[in-house]
């Protein structure tokens, strides 16, 4: 709501600001709160938390894509270490609700409460986005799969059936979150309603209301409020499409407190052609214009990006390893600074950590990996993009004046080079300015040198004044500051980028950085002398004393150098590589801590935390190898502990402690061997009895789905039979006749990259192998390769995999058989249809891993993939064999148990590699093919969908907690051969990295790996 408070964007800057006063914006912007609390406020400039302005820099991760609660701390510590002030999560209604009326917020990773307590403990604000629809390339966009039958109406509108279905989840999750709101002493600052739902108007120009959409949004808001949510409500419009839910545009039903915009300027998928209709022709590094849109959409609210591109998902058939080429460190450098140039003051990267689509969590668009080319990779490694993002997030955290700026210009007129554009941002209260420089044509990758005209408190200047020109080298942007406060000091200007600062023993330590080999220049006010404390790694050094300032010009080679000013202020000069491993680590858990109560550490791969106990400085973090470390800390520090061990200090001169940490940590995996194998498709045998609890007889004659099936059979859609994910098995019978059928026509829908195979009386009659984009297939299969029975029923078996439910309105698209028709000289009908479900159907026998982990294969139903299963029916696989093979068409399960013993103090990242015959892997000695589908299970978790005929993913990271790092690990692989020529795969595992770490990777994760239970036998 609008309230009477206002913030004046004033002119009180002083006459010394040449040419600035005339440009200042004197608009009086209203200061808003939601009428329930003023703990979180906002205006045209930024969010205010407890009265203090914040530049909110956040990033997203999904707890349900890393189902190990102990590792959530690992991720949050890495997010905190980089300088992010916040993080964001989606909740997942479908993950928490296996059946109507049932909610699970307790078992394993379903209990996400620890994320909110960790946010408080570690010191990060939290943006929570509970849906009920989240998209997220999740199965059905995060809706429970039991809602996809059509029985609940259109979904995502005010249909009473849908509202009744969602209310238990929505009310309960609001109650769970409420105690952790910032208004109740927690760190949750914003609560999102729905997701990318630009459905407020039937006609935006006339504001003809979309009543169903408005009432739906209002209902969600009301229920959240009724259940304790008093934080500001937000929403994220997609891709500058639409003008919904903004209080600045209307007083219509359903408006939220703060509206934001999601944008993926490169493309949200590696297949960039999918984004052409939204972003236009794909041009690498071409930025988009948000400034004008925000002025139109939300002029009295902060320019807010609840999702900005942190990477892209890799679709079926996409490149092995993802699409990082145009989404790497250069992307982070250019695009995130470009947002700042457009006055965006609240950013959340999607994704900061992507994780894994284990089980059947993925939508039809993606395979197992959800790495997303994120700054933190799927295996939790910090990649170069993380460090390149970190040098900006460290800056925005301490650049307090950046949270209130007007954009006074944006053109090439500031620059001496017409190829370089500059946006001038200025704080109307302090006069601090930020000049964001980039190529005028952002896709340009040229090297450009230039000077910049700036206005400062000491007049108009062209900078640098003495040194070499500023350089933009390729796809790069730089933020040049003027009148920048750090502690009690002021930078008149700096052409080197500010990284961070700290006030230690009452003296400022400022870190500046330039790319290796480039020049920088800075002027500090209030002091007129400087000296280089370390000249060993710089060149072309010039010091220019002034009457009341000192200017230093430098060219930075690799590493770190130190300049000391006459009053004891220290300036740390860094090249890019050194800046990447220069950490600003607070001594407290205040998310807003900026410069005080901070130590600076250079060298480690990661610094997680710092604590000063008496004169003991205790640091925790990770080391890749032997590393020389420099620590800027109070002079009172008498000892340094790293990960609980006292270090040997080499030097402690001038308040800089140097030491060497770590060694060359190593770990070798045991060989995976001892495989045993069994049939996992007994259902094709004529003597198989489909009478166990796994089977349901299809008797329903009318479908609730908006896409009705053919009327010649009962409803064969899996969801209407309480079966939702994975592989599905149909078993149909039809009688023998004198003029038997010759073919069967099948029309099956399974989503992108799905497939199916068909058997008649145990004889294989064909497969649809699928494609990366085909969601439905109809095909006629001949019976010429099968033997029809002359005196008893014939048995037709269809095995399909349901790749997932579609997103948005497509969630209602059916899964399963739409039409099955016998063809021949006579008239035929099936006697009976049965479907095999997962063990327990919607009453899952394994609530820890449920409800998206298991399908209906025999091996899954009886629990061969689970720890503790006695594999008595198995056959030994030859110890000389490096391959798992299936002769002919069929499905087999392979299983082994391998122990691990990872020493305490190591973070060992492990990935499985699955390969099949191809021209780039290996040639099968027996002529087996890659026409197969395999599922990788690790201690009961399905952690890999391997479809070599379609997809290119071969590496499958599996985290500790799923893997038992100090015990036996049950590894199972189901191999579905879809060809008469048989199939072959090789399974191995590799160490991705080994780090010495403070993080306890030997936590007790046994509760996450429940074993086999006897009840499984009832689903054979």
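Note that Cβ sites are derived from N, Cα and C of the backbone, with glycine treated the same way.
The candidate list 45, 336, 353, 372 contains one residue that Swiss-Prot assigns to the substrate site with 90, 135, 136, 137, 195, 264, namely 372.
The distance from the Cα of residue 455 (N-linked glycosylation site) to the Cα of residue 195 (substrate binding site) comes to 42 Å.
Using a 10 Å Cα-Cα cut-off around residue 596 (N-linked glycosylation site), the recorded positions 90, 195, 196, 264 reduce to an empty set.
Put simply, 271 is the one of the recorded positions 136, 172, 271, 625 whose Cα lies nearest to the Cα of residue 410 (N-linked glycosylation site). With respect to their backbone Cα atoms, residue 210 (N-linked glycosylation site) and residue 135 (substrate binding site) stand 21 Å from each other.
For the pair formed by residue 702 (N-linked glycosylation site) and residue 880 (N-linked glycosylation site), distance between Cα atoms is given as 54 Å, rounded to the nearest Å.
Closest to residue 196 (active site, proton donor) in space, going by CA atoms and restricting to the recorded positions 135, 137, 251, 271, is 135.
Proximity to residue 264 (substrate binding site), judged by a C-alpha distance within 10 Å, picks out none of the glycosylation sites 251, 549, 880. Highest Cβ count within 10 Å among the recorded positions 137, 196: 137. If you compare Cα positions, residue 136 (substrate binding site) sits closest to 172 out of the glycosylation sites 172, 251, 549, 625, 880. Checked against residue 135 (substrate binding site), the glycosylation sites 172, 251, 549, 625, 880 differ in C-alpha distance, with 172 being the nearest. Each of the recorded positions 135, 625, 880 was scored by how many other Cβ atoms lie within 10 Å of its Cβ, and the smallest score goes to 880.
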